[in-house]
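Novice: Handing you this structure, nothing more for now.
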Amino acid sequence: MKQTIILLYGGRSAEREVSVLSAESVMRAVDYDRFTVKTFFISQSGDFIKTQEFSHDPGQEDRLMTNETIDWDKKVAPSAIYEEGAVVFPVLHGPMGEDGSVQGFLEVLKMPYVGCNILSSSLAMDKITTKRVLESAGIAQVPYVAIVEGDDVTAKIAEVEEKLAYPVFTKPSNMGSSVGISKSENQEELRQALELAFRYDSRVLVEQGVNAREIEVGLLGNYDVKSTLPGEVVKDVAFYDYDAKYIDNKITMDIPAKISDDVVAVMRQNAETAFRAIGGLGLSRCDFFYTDKGEIFLNELNTMPGFTQWSMYPLLWDNMGISYPELIERLVDLAKESFDKREAHLI
């Protein structure tokens, strides 16, 4: 009997378009001799829409539903995704997707799901909290200042100017895919950057700008996590912003990255240590800065990285000999393994 995968995609965050691309890729890559795929679209308003089911390879004309093509007659209660024995693959990015909220919902439904649990998802989604946890694990971070809504902004800007040097990068703490991130060269630009970042979150991170290569490591596993050789993001723009990342295709990837064996070893070890520090499960992508001074800074952990067939995470594993369809199978198996362990702990 075939295993059912429930594919959740879309979502309420600014990254919903990325989610659709990832879900389409998964839907086309699945081994339909082993799996049946049922898809549910989460609209921008948070409604669940029952969309297509696939028991064999979809045709080129098959497209997943989006906000532009919603059939509201197919709206269902969120709990309608439940199917005994099915595994949920929440291909959701950003807030209300990989921040622990959907993971908590799926645990209430008592369904296995791909990826990190409530704790590790919510922790990794918040950049400030992640930095504090990784600091406690002894992992080097880019110098930063945290600013929370209600803080004296003028005093915080003074702290930034005391501890850091321009240029600095300002980021919403709880957002991904470079949404709301700005580079500032002076105080006036920093004030504008803070205003933008606070539109997306009530907690904001200001980081020291560094001249660095962006190196990424893939992680796969539960308590026996394994890492990939690193890959490098090669950019044609000033920084890896949302448009460059997903719309303009102004980036290329160098896999494996051209760095020394010693640097590779440190990055892989730090990535695995970070994954364990947050209690990660299933998958993550760990992003590093490798500065022109030879410093290695862990930038962030993405618990549901971009998952199209041309995204960095699947390509990193392809370089390690695990194909995209096989990667999906492994993630489903890991989801069932972590579900069984979680259920056993409740007895």
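Cβ from N, Cα, C; glycine included.
Okay, these came from Swiss-Prot:
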DOMAIN    131-333  domain 'ATP-grasp'
BINDING   161-216  ATP binding site
BINDING   ASP287, GLU300  Mg(2+) 1 binding site
BINDING   GLU300, ASN302  Mg(2+) 2 binding site
Novice: Determine the mean pLDDT over the domain 'ATP-grasp' (131-333), rounding to the nearest whole number.
Specialist: 91
Novice: Can you figure out which of ASP287, GLU300, ASN302 (the binding-site residues) comes closest in space to GLU161 (ATP binding site), comparing Cα atoms?
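Specialist: Among ASP287, GLU300, ASN302, GLU300.
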Novice: Once near-sequence residues are set aside, which residues in the chain of GLU300 (Mg(2+) 1 binding site), 6 or more away, have Cβ atoms under 8 Å from its Cβ?
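Specialist: For GLU300 (Mg(2+) 1 binding site), the qualifying residues are ALA124, LYS127, THR130, CYS286, ASP287.
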Novice: If you measure GLU189 (ATP binding site) to ASN302 (Mg(2+) 2 binding site) at Cα, how many Å is it?
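Specialist: Rounded to a whole number, the Cα-Cα distance is 28 Å.
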Novice: Between ASN302 (Mg(2+) 2 binding site) and LEU196 (ATP binding site), how many Å separate their Cα atoms?
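Specialist: Checking the Cα atoms of ASN302 (Mg(2+) 2 binding site) and LEU196 (ATP binding site) gives a distance of 22 Å.
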Novice: Test of understanding: give the count of other CB atoms lying within 10 angstroms of the CB of ARG203 (ATP binding site).
Specialist: 20
Novice: Near the Cβ of ASN302 (Mg(2+) 2 binding site), how many other Cβ atoms are there if near means within 10 Å?
Specialist: 22
